[in-house]
Amino acid sequence: MNAAMPHIAIDNVSKTFGSFAALQGITLDIPQGSFTTLLGPSGCGKTTLMRLIAGFDEPDGGEIRIDGVKVNGVPAFRRQTPLVFQEYALFPHMTVYENIAYGLKLQKTPREQIGRKMGEMLEMFGLTGLDNRLPKQLSGGQQQRVAFARALVMGQRVLLMDEPLSNLDAKMRVEVRSELRELQQRAGITAIFVTHDQDEALSLSDRIAVFDKGRIRQAGTPWEVYFKPDNAFVADFVGTANFIPGEVAGVEGTDVVVRCAPSLLRVDAGGRAFRPGDRVTLVVRPECISISAEEADGGVDAANSWSGEIVNSTFLGRLIRYRVRCGPLACIVDDADPSVRGFLRGAVRLRLDPGKIHVLPGEGGG
Amino acid sequence: MISSALRKTWMDIKKLKHEPALAVVIAAVLVTTGFFVLWPIVKVVSFPRPADYLQLFTNARWFQAALNSLFMTAISTLSCTAVAFLFAYAITRLDIPLKGLFRFVTLLPIVSPPFIVALSYILLFGRQGIVSKQLLQANFDIYGWHGLWLVQTVTFFPYAYAVIYGVLKTSAVHLEYAAHNLGATRWQVFRHVFLPLCRPGIAGGALIAAMNVLADFGNPMIIAGNFTLLPTEAYMQMSGWFDLSSASVLSTALLLPALGLFLANRVWVGRRSYVVVTGKESSLRAYPVPSYVKWGLFACCLFVALFVLAVYGVLFYGAFTKTWGYDWSFTLRNLKYVSAKGTELYNSIRYALFSSLAAAVLAMILAYLAERKRIGVNRLLDLLAILPGAVPGVFLGLGFAMAFNRAPFELTGTSAIMILALTFWNLPTCYSACLAGFQQIGRSLEEASLNLGAGSFRTFRSILLPLLKGPFLSGLAVSFLRSVTCLSVIIFIYSAHTSVGTVSILSLVQNGAWGGASAFTVVLISIAFAVLAATRLIPATQDRRSL
């Protein structure tokens with residue numbers, strides 16, 4: 001196989017249901033052995049794309065290729081794209097063993113080989129001793145492990161996952177994440193993961209494709225998606241962001257000087273070309289703004305620094321989230337070390353690090 | 001719009017080239033079902049000349065029969081719905097004793113021969129009746145519309161009950177609490193919240209009752225006397241004068257309102273079969289009603305329950321009584337009638353078994369294709385599977401008699417025509433049970449199987465079939481019962497060799513041989529309950545496993 005060739009290639013794929021355009025011109029390359037997450041709000045098309053890859057539905061236009069071979073029209077049972085379903089879809093009339101071994105039996109795998117592989121799987125997923133139970137006799141976590149074992153037992157190079165962690169409780173979800181990532185890397189599987197949970201996407205993925213209304217709004221590494229969002233939708237959907245409208249006052253090398261309501265800000269243009277007078281939107285993550293009491297700062301109006309007034313505060317344990325009014329703007333600011341000075345009140349000073357401000361063209365960030 | 005729908009259908013059909021075996025099955029099922037469902041209907045409707053249809057309005061006797069049918073349907077629907085609502089309300093909402101008995105009473109008529117209530121009614125209130133002659137020493141004329149009304153109410157209220165109960169059981173008690181909380185009195189809550197919420201259920205129950213009363217043949221045959229109805233009049237034309245044209249006109253006149261009710265039911269109440277599928281019981285207790293209301297309703301239920309029990313009790317009594325009305329001593333002589341009609345009884349069971357099996361298997365395949373495969377003809381398959389449910393039994397029987405009476409489809413007088421007619425008559429019953437079963441199995445189970453490499457057939461066999469055992473068996477059992485106790489469908493197609501138990505009972509009744517008729521009916525009911533016990537339908541209807 002050509003090393004540069006993506007394992008799974010989605011090429012200009014579209015799909016409509018009645019008059020609803022579920023996917024419009026989706027193009028996405030999924031490299032061999034990568035963990036790719038399809039992220040987006042419900043109804044954005046991410047699950048539809050996964051179902052097209054698995055062959056449950058056929059695209060209306062475009063091509064899906066696996067290992068360079070077009071799979072449009074290939075029925076689901078010939079695609080070899082095991083899927084872990086959101087609700088697990090364990091066969092209720094079969095035992096754990098029968099569920100996991102089902103695919104092997106379909107392939108007419110020799111009995112001793114089935115025994116060996118099953119032993120490995122039961123061991124790997126901590127299901128030893130549960131093999132004669134029916135799915136309804138298992139806990140949610142155990143059911144989920146059976147679903148994974150069933151999908152992986154045939155040793156295929158692809159694993160599709162449709163929100164497989166959404167039925168677990170919050171603590172368990174975080175635990176399973178790292179196990180899942182480890183497993184995928186160890187086995188070198190090409191994984192496609194559908195979720196609407198941004199934390200899950202950021203923590204698991206090599207690449208994230210952010211979906212909205214049937215289109216991909218940005219595909220990139222978690223870092224890029226979080227710190228260098230292509231547009232306001234991505235910035236807003238992934239994490240919390242402050243959107244500050246402004247106008248380019250001047251261009252200095254790779255930096256632009258932006259005039260926004262409280263003051264002038266010097267920011268990195270991020271490789272984009274701007275001209276004075278352009279309308280822009282600045283994206284600033286709440287944790288990228290530092291906050292301190294106004295008096296302590298001595299009232300000096302330093303560069304990239306604004307004075308404001310706290311409107312309210314929310315204690316979240318690991319941080320305090322402040323809502324601060326700076327002139328006409330309302331900013332969200334996170335104080336990541338609340339134990340040091342406790343809650344701030346009244347007048348405060350905000351400091352914006354120019355390296356951590358991301359600038360998007362246009363009002364509203366396109 | 002239409003062209004895009006056609007294009008989609010064509011695309012779906014084209015995809016079948018990956019599964020040629022599936023395509024063959026679809027074609028076979030489509031052709032077979034289409035042939036046996038549509039061809040008889042076309043034969044009956046197209047047989048009379050247009051002028052013959054006008055006679056419906058010019059022939060006073062026929063016009064009266066049509067009016068009588070509609071009148072009887074209207075009043076019986078009202079009374080069935082009222083009794084059904086009473087039972088459903090009492091069982092779901094009231095804290096009263098004897099609920100087990102009341103539930104039993106609502107199940108009995110469903111699993112009994114349809115004309116049994118009419119027969120018992122004669123035994124209770126007829127000229128030699130145990131109530132009329134022995135208790136009251138009076139002589140009523142029980143034949144006619146009022147007798148039929150009572151009989152139809154008792155016979156068909158359980159069908160309405162099944163629907164209304166299903167809705168009442170799932171209706172949201174917390175909304176009533178909310179209304180009380182906002183200051184509404186009990187009566188206001190009942191009128192403003194409870195009743196509007198269960199209106200669709202009541203409408204659905206009424207429609208089911210109406211369809212059954214309209215199409216019924218057995219009870220009017222026995223009890224209606226000179227009060228002619230469309231089904232009995234069609235039978236008279238056929239058996240008396242062998243007038244196919246008139247029988248066709250009258251049957252078609254019956255088909256139209258039946259189709260109307262059927263469509264209304266489909267649109268209004270949806271596809272759910274309330275008889276087999278029940279919802280989850282709410283954990284909130286119903287708001288208590290005043291005790292005079294509670295005990296008043298209890299007394300009404302008890303009265304109906306006792307009447308139903310009397311209906312069955314008198315039948316058993318009659319089966320072992322020497323001469324009804326004159327000599328009440330015990331005898332086993334009546335059972336001789338049954339043994340003399342051994343062939344008919346054997347035919348009943350044989351035909352019921354074959355036809356219910358065939359219907360259940362065909363229904364399973366149809367339900368699978370229509371519900372689970374995107375094959376372009378899903379709607380058509382669905383329509384074919386449910387259409388016989390809209391066709392009154394008399395019409396269907398006449399259709400089979402007319403459609404298969406000459407080469408190359410000559411089946412007149414054979415067992416095959418009996419089995420085929422009963423099969424397609426039972427198809428909708430089995431189909432809706434299977435469809436409900438499929439709807440309860442998450443689609444992802446099937447997708448998981450495909451995803452793991454199983455083709456359509458393998459998935460059907462190893463995943464769906466084992467999970468559908470329950471609906472399959474309940475469809476099978478209900479069909480078996482319906483077939484054993486069926487009179488309307490077979491009345492036009494049986495021959496001397498293929499006669500069945502219900503025909504024998506009818507002739508015993510018509511000859512005034514009450515003892516023999518009772519004994520025969522008791523044997524049939526016993527068979528029915530043996531089948532029920534065997535398939536454990538009773539627990540299955542009340543507590544369905546959810547998958």
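Glycine residues also receive a Cβ, built from the backbone N, Cα and C atoms like all the rest.
Quick look at what TrEMBL annotates:
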DOMAIN    B:66-265  domain 'ABC transmembrane type-1'
DOMAIN    B:345-535  domain 'ABC transmembrane type-1'
TRANSMEM  B:21-42  transmembrane segment
TRANSMEM  B:62-89  transmembrane segment
TRANSMEM  B:101-123  transmembrane segment
TRANSMEM  B:143-168  transmembrane segment
TRANSMEM  B:189-211  transmembrane segment
TRANSMEM  B:244-264  transmembrane segment
TRANSMEM  B:295-320  transmembrane segment
TRANSMEM  B:349-369  transmembrane segment
TRANSMEM  B:381-404  transmembrane segment
TRANSMEM  B:416-438  transmembrane segment
TRANSMEM  B:514-538  transmembrane segment
Same-chain residues at least 6 beyond the ends of the transmembrane segment (B:295-320) whose Cβ lies under 8 Å from its Cβ atoms:
83, 86-87, 89-90, 94, 96-98, 101-102, 105, 108-109, 112, 116-117, 119-121, 123-124, 130, 154, 330-332, 334-335, 514-515, 517-519, 521-522, 525
The transmembrane segment (B:349-369) vs the transmembrane segment (B:101-123): 3 or more CB pairs under 8 Å:
no
So, taking each listed stretch (B:21-42, B:62-89, B:101-123) in turn and counting its Cβ pairs to the transmembrane segment (B:416-438) that are under 8 angstroms, which one gives the highest count?
B:21-42
Sort out the residues at least 6 away from either end of the transmembrane segment (B:381-404), same chain, that have Cβ-Cβ distances under 8 Å to it, and list them.
29-30, 33-34, 37-41, 43-44, 47, 211, 214-215, 217, 231, 234-235, 238, 244, 247-248, 251-252, 254-255, 258-259, 261-263, 266, 363, 366-367, 369-370, 410-412, 417, 420-421, 424-425, 427-429, 431-432, 486-493
List, by number or range, the same-chain residues at least 6 past the transmembrane segment (B:514-538) whose CB is under 8 A from its CB atoms?
107, 111-113, 116, 119, 122-123, 128, 312, 315-324, 331, 333-335, 337-338, 341, 345, 348-349, 473-474, 476-478, 480-481, 484-485, 501-502, 504-505, 508
Any chance the transmembrane segment (B:244-264) and the transmembrane segment (B:101-123) are in contact, meaning at least three CB pairs closer than 8 A with a sequence separation of 6+?
no
Count the CB pairs under 8 A between the transmembrane segment (B:101-123) and each of B:21-42, B:62-89, B:189-211, then give me the winner.
B:62-89
Per the Cβ filter (under 8 Å) with a sequence gap of at least 6 from its ends, the transmembrane segment (B:21-42) is approached by 255, 362, 365-366, 369, 373, 375, 377, 380-381, 384-385, 387-388, 391, 395-396, 399-400, 402-404, 420, 423-424, 427, 456-457
